Every structure is written in structure tokens, then in C-alpha cells.
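S.K.: My structure is below; once you've seen it, I'll send some questions.
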Amino acid sequence: MAAVVFSLRRSGPVFRLPGVLQVCRGAQTAAAAAPASQAEARIKKFAIYRWDPDKPGDKPRMQTYEVDLNECGSMVLDALIKIKNEMDPTLTFRRSCREGICGSCAMNINGGNTLACTVRIDTNLSKVSKIYPLPHMYVVKDLVPDLSNFYAQYKSIEPYLKKKDESQEGKEQYLQSIEDRDKLDGLYECILCACCSTSCPSYWWNADKYLGPAVLMQAYRWMIDSRDDYTEERLAKLQDPFSLYRCHTIMNCTRTCPKGLNPGKAIAEIKKMMATYKERAASV
């Protein structure tokens, strides 16, 4: 009895005798690709910072792993996930979106603060890729930094719309012109990954007092929002010698930002606003 086999061609069903091997186009493609999987291994070494606070006496160290790039995705985060899934389940790091949106996988890779999900693996097999947690932060475990202080500073600037007349809150929209909305471009895109703040020497030295580039850029974002009524009050909170003025325009923040933003410029704009604010305050 003849069998009915559906072909990938548009000519409809094709009758074939039983026992005759049928090879679909996808199988042919897989067969053609087979030699590639047998290519010579490309072994890449990753030296990763390790420290486990739950192990008494454990000291920070670098642990080396070898990954075949032929069997790994192209990004550093792909390598970390492969290491954790297939070699060492104790390796700890943060990650979520895998597309440069959430900021979770911020770490120091080959000397620069960046996102592991958006940085390609250096394919030079003679070089060891070195991965550390964000610098000058307390470490929770391995590549996980403690961001408690960073988030507390962000909370302190009240990063939300504030209105002095709240009678219409929830009843109508707070409209904004196209021109005023355009002023927020390059500011609202910040994902709070902390790459910029942890690359700033001033923040290393005064993290308990200096707000740092990420938080200051968000402070500026709300200061210039035409819908916000608390610009003067926001400026007043930065009057002390440390919150704002520890910025020495080193510009590491702008160089390292994985989103291509310019926190240094935002801080400079706040300083300009502060000058006019002081003049207004003195005249009162």
C-alpha cells in the first residue's frame, strides 16, 4: 500500500512506497551543518572573582573557567550562564532581561564597568577575560554588589512628580509641550545599573555623602521636568558641600555608561542652576 508523504514543495502530497527514506530540507540543512559542530574547539579562559561569606575563613580569590566559544553565545553573560549551568552552580551573579534594559548584570569586565549582556566576549584566546563585581562596593557574594546605599540615595531625591496643588491629582493629565518633553531625552533612559557611580573616584571616597553621577542625573531629570513644582526645593537639598560638589568632572561616568548617557553634563547643568538659585535666595 502506498504511503502519503507531505513534501515542503507547493505541489501538494507526494505518494511514496513504504520503507523509502524521505529527507526533508531541514534535515539536509542539519546534515550540512554537522561538520561545523566538529570544528576545532576554541577554548576561552575566564578568571572570575569568587567570595562566599557563608564559608568561614573564605577569602576573595580569582577562579578560572574554560569555555568552548563554539558552544557558547557571543556575550559575556552567555559565558557566565554556561559556567553556572554546566560547570559550577555555586557561581553567583545578577541577571534578568539579557538585553541591556534592567541593569541587573552590571559588573567590571576586563577593567571597565559595563553590562555583561551587552558586551561581546573577547575572541582572542590568548587573553584571559577577567570579571569582577562593581568596584568599591560591599560584596554580597561573588559578582553581586550590595546596592543598598545606592538605592537609598536614589530614594532621597524623591524621583517622582511632585505638585504643590494636589487637588487635581488623579483627575486630569499633567500636560507637557513637545519642547519640554525633549529636554528629558538622555536622562530618563538611565537604568540605574550603577556603572557610572562605581567608576567615579569621588564616589569611591565619599559614597556616604556624595550622591554620585547616576543619582544626580536623575535629580536633574526631575528638576527640569516642566510638570514638577519642586525645583527650588530639590536644589535646596543639594546645598551642602558633599551631595553635589564632590564632582570634579573626571568624566569616568560618561565614558563607562552602557546606555551612552552623559551624567557629567547633567551634573554641570545642576551646578549652573545652583548658581542662579543662590542669587535668588540671597535676594529674598
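A Cβ is built for glycine as well, from the same backbone N, Cα and C atoms used for every other residue.
Swiss-Prot lists these features:
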type	residues	note
TRANSIT	1-26	transit peptide
DOMAIN	44-137	domain '2Fe-2S ferredoxin-type'
BINDING	C97, C102, C105, C117	[2Fe-2S] cluster binding site
DOMAIN	180-210	domain '4Fe-4S ferredoxin-type'
BINDING	C190, C193, C196, C257	[4Fe-4S] cluster binding site
BINDING	C200, C247, C253	[3Fe-4S] cluster binding site
BINDING	W205	ubiquinone binding site
S.K.: Measuring Cα to Cα, tell me the gap between C196 ([4Fe-4S] cluster binding site) and C253 ([3Fe-4S] cluster binding site) in whole angstrom.
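M.R.: Spelling it out, the Cα of C196 ([4Fe-4S] cluster binding site) and the Cα of C253 ([3Fe-4S] cluster binding site) are 4 Å apart.
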S.K.: Can you tell which of the binding-site residues (C97, C117, C200) has the fewest other C-beta atoms within 10 angstroms of its C-beta?
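M.R.: The binding-site residues C97, C117, C200 were compared, and C97 has the fewest Cβ atoms within 10 Å.
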S.K.: So which one is it: of the binding-site residues C190, C193, C196, C257, which has the fewest other Cβ atoms within 10 Å?
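M.R.: Each of the binding-site residues C190, C193, C196, C257 was scored; lowest Cβ tally within 10 Å is C190.
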S.K.: Can you count helix, strand and coil residues in the domain '4Fe-4S ferredoxin-type' (180-210) using DSSP?
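M.R.: So the counts come to 12 helix, 0 strand, 19 coil.
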S.K.: Just name the most isolated of the binding-site residues C102, C247, C253, going by other Cβ atoms within 10 Å of its Cβ.
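M.R.: Output over binding-site residues C102, C247, C253: least Cβ neighbours within 10 Å is C102.
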S.K.: Tell me which residues of the chain lie with their Cβ under 8 angstroms from that of C105 ([2Fe-2S] cluster binding site), as long as they are six or more apart in sequence?
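M.R.: Those within reach of C105 ([2Fe-2S] cluster binding site), by Cβ under 8 Å and sequence separation of 6 or more, are L77, F93, R94, R95, S96, R98, L115, A116, C117.
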S.K.: What is the nearest of the binding-site residues C97, C102, C190, C193, C257 to C200 ([3Fe-4S] cluster binding site), using the Cα of each?
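M.R.: Spatially nearest to C200 ([3Fe-4S] cluster binding site) by Cα position is C257.
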S.K.: Residue counts in helix (H, G, I), strand (E, B) and coil for the domain '2Fe-2S ferredoxin-type' (44-137), per DSSP?
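M.R.: Within the domain '2Fe-2S ferredoxin-type' (44-137) the tally stands at 14 helix, 29 strand, 51 coil.
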S.K.: With C193 ([4Fe-4S] cluster binding site) as the reference Cα, tell me which of the binding-site residues C97, C102, W205, C247, C253 is the closest one.
M.R.: C102
S.K.: Cα-Cα separation of C190 ([4Fe-4S] cluster binding site) and C102 ([2Fe-2S] cluster binding site), in Å?
M.R.: 10
S.K.: Sort the binding-site residues C97, C102, W205, C257 by C-alpha distance from C247 ([3Fe-4S] cluster binding site) and give me just the closest.
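M.R.: Minimum Cα distance from C247 ([3Fe-4S] cluster binding site) across C97, C102, W205, C257 lands on W205.
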S.K.: Going by Cα-Cα distance, which of the binding-site residues (W205, C253, C257) sits nearest to C97 ([2Fe-2S] cluster binding site)?
M.R.: C257
